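Novice: Feature table excerpt (TrEMBL):
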- 1-17: signal peptide (SIGNAL)
- 64, 76, 79, 115, 175, 178, 180, 192: chlorophyll a binding site (BINDING)
- 81, 141: chlorophyll b binding site (BINDING)
């Protein structure tokens, strides 16, 4: 019994002796790890590598650690495209260019409630729902390893013909950056127009 206790104490003592060294090694490794250019005090998010925008490595919340990058990039491109269309439509309506007969006299900020009352928004819901169902089939196949590129639906292939890989990457990067700008612009325009009851260029004061 005494012999077993002595062996156990010896093993535990040896493990304890190595613990500080291992902790120090981990701390040194963390300090020397590659940093995100966008947020230099944080480690580089490894899952961003190979995707457009990996040069700045912006993912401070480490969302890419918990969700597939293909899905995240698909969502970003999709919302960017929607907001690029949305901000143009929002401004166009407030400049007085109205296409729907029920839209006469409405602004972008007041159109939603008025068109809901007239039952028009149900049509929009059906069309948007149909598009979501169809597009999800492509997204689902992509997540199962089909090799489909996020945001790609087979359109614009002629536009890409004759362009180098670097040119194509630049165009894709520009789309992502313009989409991010449009998301900010649309959010700002809606907020200003509703808070201050103003039209384009949505400049109001308390």
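Note: Cβ is positioned from N, Cα and C throughout, glycine not excepted.
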Novice: Cα distance, residue 141 (chlorophyll b binding site) to residue 175 (chlorophyll a binding site), nearest Å?
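Specialist: Their Cα atoms are separated by 23 Å.
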Novice: Just counting, how many other CB atoms are there within 10 A of the CB of residue 141 (chlorophyll b binding site)?
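Specialist: By my count, 12.
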Novice: Round to the nearest Å and give the CA-to-CA distance linking residue 178 (chlorophyll a binding site) with residue 81 (chlorophyll b binding site).
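Specialist: If we compare the Cα positions of residue 178 (chlorophyll a binding site) and residue 81 (chlorophyll b binding site), the gap is 9 Å.
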Novice: Same chain only, sequence gap of 6 or more: which residues have a CB within under 8 Å of the CB of residue 64 (chlorophyll a binding site)?
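Specialist: Looking at Cβ-Cβ distances below 8 Å from residue 64 (chlorophyll a binding site), excluding near sequence neighbours, one finds 45, 47, 48, 72.
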Novice: Please give me the CB contact count at 10 A for residue 81 (chlorophyll b binding site), counting all chains in the structure.
Specialist: 15
Novice: To the nearest whole angstrom, what is the C-alpha distance linking residue 115 (chlorophyll a binding site) and residue 141 (chlorophyll b binding site)?
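Specialist: Residue 115 (chlorophyll a binding site) to residue 141 (chlorophyll b binding site), Cα-Cα distance: 36 Å.
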